[in-house]
Ligand code: ADP
Ligand code: MG
């Protein structure tokens, strides 16, 4: 996929040259970063905050496919996926480290593109890249990112705080990333069978962006703070609404009722799912990779969130013995099962 570009072999720079080349443009923006790239460890100072740390490992052909994921998007998304975990604790992300394993055949320009995406994400979310590791890989591209953030001790929100009677809320809309992936997979198959045919992705920008360029919901953490709402529980939607609801129910020892007609689904997601003979509700429940935030609030906070177009109230928490269920549009109650987006099942 790099045919038309000038290629520079990694050997020409060597490991230290490559690290220097990739990190020289970094500008530190966070007060808490005392020392970034360049020593044996980064030094951070959070004074009286609690520190949040979260890591993800992304492997080529398990988590991403370089045949349709542009490298810049890959870098951008790899960062978003990690920041999302920090926001899901009701915290603010402030630093990341980036570790990459790359084949020596991978041209420098390709690594640069990944870093363009990583640095753009850092810039957009005011996060400092403070370190990492660089090594060669024989088995495809590997990217591991660790995100570090902070939160006031009295503001941290766990999965475990939901109480019977709390309202279940979700940000944004669901299912788009999964339907976007189906579209990319279909075009890949068509391309593999007949490379002459150009991909037909016209007018599908929204769902393609949901898949290729997700945006972690820092804005929701800021919004809830400004509304003076502290959720009782919180989780980010990486594996699909069903699986995340079950995580909250298990950790909080509660059950839930959600209503199918309240699940936010964008019209393009809806229509494209139908074109693929998929049930849009199933895409929202089991699709995954939307990186929206699922949270519960005390009923007394309802008035503070009810007019916000970016937050949907989709149901409520019930006692554990009532189980987890969805009420369908026709009024039938279905048990919610854990069929989140599992990469091992692909
Ligand atoms: P060490 O031998 O102590 O592991 P390295 O030579 O691997 O040190 O790294 C030197 C510096 O460059 C460190 O500050 C490290 O955090 C940083 N670094 C290494 N690889 C990366 C990378 N891929 N992205 C950002 N910083 C990196
Ligand atoms: Mg190292």
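Backbone N, Cα and C define each Cβ position, glycine as well.
Heads up, TrEMBL stuff is auto-annotated, nobody curated it.
Fair warning: this is a prediction, and the values are worked out from it, not measured in the lab.
Listed in TrEMBL:
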- 38-151: domain 'PurM-like N-terminal' (DOMAIN)
- 40, 54, 85: Mg(2+) 4 binding site (BINDING)
- 40, 85, 236: Mg(2+) 3 binding site (BINDING)
- 55, 56, 133: Mg(2+) 1 binding site (BINDING)
- 56, 85: Mg(2+) 2 binding site (BINDING)
- 63, 289, 341: substrate binding site (BINDING)
- 115, 132, 133, 159, 238: ATP binding site (BINDING)
- 164-325: domain 'PurM-like C-terminal' (DOMAIN)
- 239: Mg(2+) 5 binding site (BINDING)
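Under 6 Å, Cβ to nearest atom of ligand 2: this is the test, and of the binding-site residues 40, 85, 115, 133, 238, 289 it is passed by 133. Summary: among the binding-site residues (133, 289), the fewest other C-beta atoms within 10 A of the C-beta are counted at 133.
Between the candidate binding-site residues, 85, 236, the densest Cβ environment within 10 Å is the one around 236.
Ligand 1 lies under 6 Å from the Cβ of none of the binding-site residues 54, 56, 239.
Look at residue 159 (ATP binding site): DSSP puts it in a helix.
Comparing C-alpha positions, residue 63 (substrate binding site) sits nearest to 238 among the binding-site residues 55, 132, 159, 238. Each residue in the domain 'PurM-like N-terminal' (38-151) gets a DSSP state, and the totals come to 35 helix, 45 strand, 34 coil. The binding-site residues near the residue listed as 'Mg(2+) 5 binding site', taking a 10 angstroms Cα-Cα threshold over the set 55, 115, 132, 289, are 289.
In the three-state DSSP scheme, residue 236 (Mg(2+) 3 binding site) falls into the strand class. Within 10 Å of the Cα of residue 289 (substrate binding site), the following binding-site residues from the list 40, 115, 132, 133, 238 place their own Cα: 238. For the domain 'PurM-like C-terminal' (164-325), the model gives a mean pLDDT of 95. The residue listed as 'Mg(2+) 5 binding site' counts 22 other C-beta atoms within 10 Å of its own C-beta, drawing on all protein chains shown.
A sphere of 10 angstroms centred on the C-beta of residue 132 (ATP binding site) encloses 20 other C-beta atoms.
The Cα of residue 159 (ATP binding site) lies closest to that of 54, out of the binding-site residues 40, 54, 133.
Residue 55 (Mg(2+) 1 binding site) has its Cα within 10 Å of the Cα of none of the binding-site residues 40, 236, 238.
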